[in-house]
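See structure below.
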Amino acid sequence: MKEGIHPEYKTVAATCTCGATFNINSTLGEETISLDVCSNCHPFYTGKQKQAASGGRVERFSKRFGNRSTK
């Protein structure tokens with residue numbers, strides 16, 4: 001590997017909007033990084049995610065025409 005061409009790799013503090021702070025390694029030239037979400041406040045990791053009930057085409061058809069008889 002060539003020397004002197006790689007960026008400096010240092011530890012920076014990543015701060016989330018919820019207040020959690022993590023120390024990560026980065027080549028970014030700043031001392032701190034602001035995060036919008038982290039594993040402490042993201043709905044997937046906290047278990048507060050909402051699952052949309054996306055019915056398929058069969059459920060949609062049954063909802064429209066399910067009560068009609070074929071006679």
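Placed from the backbone N, Cα and C atoms, the Cβ positions cover glycine too.
These come from TrEMBL:
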BINDING   C16, C18, C38, C41  Zn(2+) binding site
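Listed in chain order, the residues near the Zn(2+) site other than C16, C18, C38, C41 are T17, G19, A20, L35, V37, S39, N40, H42, each with its Cβ within 8 Å of the site Cβ centroid. The Cβ of C16 (Zn(2+) binding site) has 18 neighbouring Cβ atoms from other residues within 10 Å, across all protein chains displayed. C18 (Zn(2+) binding site) is surrounded by 12 other CB atoms, counting those within 10 A of its CB over all protein chains shown. All protein chains included, C38 (Zn(2+) binding site) registers 17 other Cβ atoms within 10 Å of its own Cβ.
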